[in-house]
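Inspection log for the structure reproduced underneath, given as structure tokens.
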């Protein structure tokens, strides 16, 4: 060996190590000869390592690739310093390396290179270069690329019920004539080359086509777009390789399983994506090294081998990526989601990046990866990717919204895109030269990236014109693009594009021709392990379902108790049929929950499917297989509870045959609802259509209508209903038992026994063969449904696309923009012109300037289970530690810190938005203790997550906020003017009619949504404004617009504090003061910034060891770098302690002390009312909002009416004219069944469909409630009232259809009774749905509860078992069941006064209809008044429970 191996794995000369050893010996008084014995042992260790390496090289290639040598520390003898410096070489199985050992290996290698990623990568590269192995390179070209879309424009693009109807009709007409949609050009004849080993920065304003270009270059453009032109990788078109595996697209949308930890998420992506050609490259490397007699560094060798191990659940690549992206501190924290607390937004963005970096792709297209990151973190990540690009020959195109100068300088090439044109594509060094040739220059202390994004804007361009001798004129984007073609960089690019790429130079490993990273079997194993993990994390849900089934089983077994179940005559069969049907419906409804589970996981599945993580069928098959044990458990639970207690046929064989029937029924139900979820893909549509399918298979299942009574045109429905076969299997198994072999005395049925007589009367199979035929049919249905489910997963795309409304008149927009150009210039330049004064006029509504001081704030949460598992013994985790500060009127304060420092947490604590945890400390509002009720009235909070009602337009959202949050003293006209001015300030006036939509699915882009969030708070005219990441997700120009708005707000005397991640120099220096936090929620600076941040810089430069800031460097970035945890470790100081012992801290404490005393003459804030508007105005405003929202929600309301029409037509044709032909009790039973199904299934569809609608609005409600906008009861009233209006229309439509088609008697009282009961039923179903969402933590839990409730209501509706036959101990449930009252009301109003005579099966006598109903069903016509009152009662009860849940329960955890 050439040198000693230190604990870090680095080498040093024997001479230096010997000298150091001798010096220590003399210093410590040790015996130098004893030290030489230790040195001898080190020599022996080196010899052992060499022997092991020689043995390793003799192994076959496969075994050699799986073995490596690791050094492990051993006792070096003695008790001095050198005792710990000896190592033993151990041969290890790399393929089965323990995760802990893998992390230790990585830490040693990283420590050896002193955390310098580039040196670490160089060691990889040097090893390859040493034996002449060339890394693959990819050159991406795009030529004459055009992308366009067909769009509606103006208000015609809004998805109102009217427009949705017109679109449907237009779609049908367009099959014959051309559509009137307009062509929207997204990319316009763009050309360029993305070169390997060069970092390319893609810049451009929002909606310029950046994401579209990136998706097109990775072979994943939106299928609705028309793409023309040519895209090649190394001269090869997409048909010659798999672009999804060759390149990686990092989306700007963060889609992850919220229940998985960060490490698990990256481990899964690494496992699926595989190592590509790295294994073959490493095999060739080891072969060449062996032939050349080269011995590599054992630790580097082991690390490289560990990175190419495939199919394992844990991989060292994950640890490398975690460390490179700074995610190692949260590696074992769950990712989290909307309702589950997890990692921060910035960390989530890094997980999205890391997910793609774990794979083998060397062409990376990264879309806005810095959103939510601080500038220091962004710089570190981009620097790492730059090192990968330069050292490993990667090809990278990255778009960033606000790259600071130091990050911008890391890139080699710049692509500037605007309005679909490429304005510049070439070296970074030449781009300013290009714009100067056009007359525009970047000012000093202005970031170049910010300049580039503003100089193409009509409103911002003039300020950069520097040719004073020439009069300025607007230079359009198209003109810039033409000028670039004449510029020397553009001409060079054209020449390069004219020379085709030489395909023969393509590295064999550059382009991937293998579709997936793993074999099909390995993919299945990977997906199954992930799905099993998710099932365990959601174990509460499955336990709850089992408990729910247990309760339903208990109800069923006591409802049909064997002591009340005789089996001696034909009429006794009805109760057994009721028990079987109740069981069957319970099993079917139990499978309904699969619909929600399937749809919830689809977005993540689609992302991973499209990136070729795994074949779609492996995901589907994993879900199918993992639900088999669930079916076994639930079927076993049900039959054990019910079989013998109910008193079914006692033979053991029949017990197991019934179990088999339930098992395959459950499997069939799961397969059916999985299929519906995969096909329909929207929860609203799936719930509606799912209930319709359930209705069809139930309607034709042989219980509601027997086979002989089904109309000829519907008989196919009978034979294709899976439930018919389930019914047959259960009935044949029961009624062919020996105890039913009693002779049949009914001459009208030619069957020897009452068991067979019953089967024959229902049209069921009458032999034992019927059971096995039915089981076979159910298995067949299950297989067909599962195959179709796999096909749906494979071929269907996600529904919805991100889009906004295009202006109806582009020319008009341009003229308006031109007229505003001069005015905006004045605002930008901060002049005192009339426009600037006008822009602030809306901000001078009366308000009270207020200060906010806080002292010694601490915040704790319960210790997460993941951290407890790692050995943390504390019961609480401290997120904020002893934070003190003050925010004052007219002072703009920046709250800055690295990701996870606690910025949002502090803001939530101060704003009173925390719903969990323990808060300690003192908060004063202008000297008085803060009261949250009052504080909500005078403060605004712009949340980091932009939460808005998706079905409102931009204008409607802002008007609604102003309506409820401005004082009632502000008249309507003033309010309207104020709204217009706020919209103009944040430049939303051109988007006034744009639909807000759902993030990443439809509607506004990220930056448009951010501006809407700010506008919604600004129209409240608050005294104190909190803004959480107001510029996150915005480009430099939009961020400047927002900050100008904020500055204007501060200048009116308001108190404003903003958290901010990656401010540019000009944005950072627009702040007056800074509160800087470090990880752990501790303050390291609180004070003024000063001119050009001079005060801040002087403070840090005065700390010993802190490097001076270089000229032109961004102070925000410098500040974060010099105060980072790495800097603290290097300087061996704690910046929080430095601050706590500083004069600055003491002066801040003095300021807090001053602000803790009320100013002279200032009274504590109080308002005569809790809310700005009275209750009536709140109700009016909320009702207006809900009407607007419902009108623009066709997936819910249009589908509701379409399904009502379908339900009505199905019932009408199945029970055609039954109301006119009542001759026997069977006819009456058929009508009873029709009424029961008509009420129950459409009502249940309403209930289920409304769940996601109310759930989305509840998230918005939580924000509005925290803002103190209105009383929760006014919200409850508005949503209930609007839903009732739509339900009433639905009830009228439904009543007219089925009343006329079934043939009920046309009498006014009977018709209006029917109409009332239908409208009331729909009302209580929808109100119950709203109540469930308000009273449960998640939509998923609500959906699970629905199946329990519907099963219970079904059992006690009075149809499966009539009220007189219900055991006395359960009759209260019948009266508590709203569905039973509706069936009572409909049947009693239609027939309980009828004197018709009907025949009774099995008896020779006849009965009058009203007597039969009273004796057998318990229905009396005289009782109708009470039935009407009961419906009013249920509507009122469910409404008040909904109001209670909304008012008193809060399931949002913050």
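From the backbone N, Cα and C atoms, a Cβ is placed for every residue, glycine too.
Here is what Swiss-Prot records for this protein:
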type: REGION; residues: 23-47; note: region 'Disordered'
type: COMPBIAS; residues: 25-44; note: compositional bias 'Basic and acidic residues'
type: DOMAIN; residues: 170-444; note: domain 'ABC transporter 1'
type: BINDING; residues: 204, 205, 206, 207, 208, 209, 210, 211; note: ATP 1 binding site
type: DOMAIN; residues: 524-735; note: domain 'ABC transmembrane type-2 1'
type: TRANSMEM; residues: 540-560; note: transmembrane segment
type: TRANSMEM; residues: 577-597; note: transmembrane segment
type: TRANSMEM; residues: 613-630; note: transmembrane segment
type: TRANSMEM; residues: 637-656; note: transmembrane segment
type: TRANSMEM; residues: 659-679; note: transmembrane segment
type: TRANSMEM; residues: 684-704; note: transmembrane segment
type: TRANSMEM; residues: 775-795; note: transmembrane segment
type: REGION; residues: 804-823; note: region 'Disordered'
type: DOMAIN; residues: 852-1104; note: domain 'ABC transporter 2'
type: BINDING; residues: 897, 898, 899, 900, 901, 902, 903, 904; note: ATP 2 binding site
type: DOMAIN; residues: 1178-1391; note: domain 'ABC transmembrane type-2 2'
type: TRANSMEM; residues: 1236-1256; note: transmembrane segment
type: TRANSMEM; residues: 1284-1304; note: transmembrane segment
type: TRANSMEM; residues: 1341-1361; note: transmembrane segment
type: TRANSMEM; residues: 1372-1392; note: transmembrane segment
type: TRANSMEM; residues: 1423-1443; note: transmembrane segment
Criterion met for the transmembrane segment (775-795) and the transmembrane segment (659-679) (at least three Cβ pairs under 8 Å): yes
Segment proximity, the transmembrane segment (684-704) to the transmembrane segment (1341-1361), 3 or more C-beta pairs under 8 Å: no
Collapsed DSSP category at residue 898 (ATP 2 binding site): coil
Set of same-chain residues at least 6 away whose C-beta sits under 8 angstroms from residue 901 (ATP 2 binding site): 1077, 1078, 1079, 1080, 1081
Non-site residues, in chain order, whose CB comes within 8 A of the mean position of the CB atoms of 897, 898, 899, 900, 901, 902, 903, 904 at ATP 2: 344, 346, 374, 905, 1077, 1079, 1081
Extra residues within 8 Å (Cβ to Cβ centroid of 204, 205, 206, 207, 208, 209, 210, 211), ATP 1: 212, 417, 418, 1035
Cβ contacts under 8 Å made by the transmembrane segment (613-630) with residues that lie 6+ beyond its boundaries: 269, 272-273, 516-518, 520, 523-524, 526-528, 530-532, 535, 542, 594, 598, 605, 667, 670-671, 674, 678, 786, 789-790, 793-794
DSSP-derived class (H/G/I helix, E/B strand, else coil) of residue 903 (ATP 2 binding site): helix
Confidence summary for the domain 'ABC transporter 2' (852-1104), mean pLDDT rounded: 86
Stretch-level contact, the transmembrane segment (659-679) and the transmembrane segment (577-597), CB cutoff 8 A, at least 3 pairs: yes
Local Cβ density at residue 903 (ATP 2 binding site) - other Cβ atoms counted within 10 Å: 28
Separation of alpha carbons, residue 206 (ATP 1 binding site) and residue 897 (ATP 2 binding site) (Å): 26
Distance from residue 899 (ATP 2 binding site) back to residue 206 (ATP 1 binding site), taken between C-alpha atoms, in Å: 24
Positions on the same chain near the transmembrane segment (1284-1304), where near means CB under 8 A and six or more residues out: 1190, 1197, 1200-1201, 1204-1205, 1207-1209, 1211-1213, 1215-1221, 1231, 1234, 1238, 1242, 1246, 1310-1311, 1314-1315, 1318-1319, 1321-1323, 1326, 1390
Conformational class of residue 211 (ATP 1 binding site) under the three-state DSSP mapping: helix
Nearest-integer angstrom distance between the alpha carbons (Cα) of residue 204 (ATP 1 binding site) and residue 899 (ATP 2 binding site): 26
Integer Å distance between the CA atoms belonging to residue 899 (ATP 2 binding site) and residue 211 (ATP 1 binding site): 25
Spatial neighbours of the transmembrane segment (577-597) far in sequence, C-beta under 8 Å, 6+ residues away: 545, 549, 552, 556, 559-560, 565, 627, 634-635, 638, 642, 646, 648, 662, 665-666, 668-670, 672-674, 676-677, 683, 686-687, 690, 694, 697-698, 701, 703, 723, 726-727, 730-731, 734, 758, 1339-1340, 1343-1344, 1346-1347, 1350-1351, 1354-1355, 1360-1361
Least Cβ-crowded entry, counting other Cβ within 10 Å, from the binding-site residues listed as 207, 208, 211, 899, 904: 207
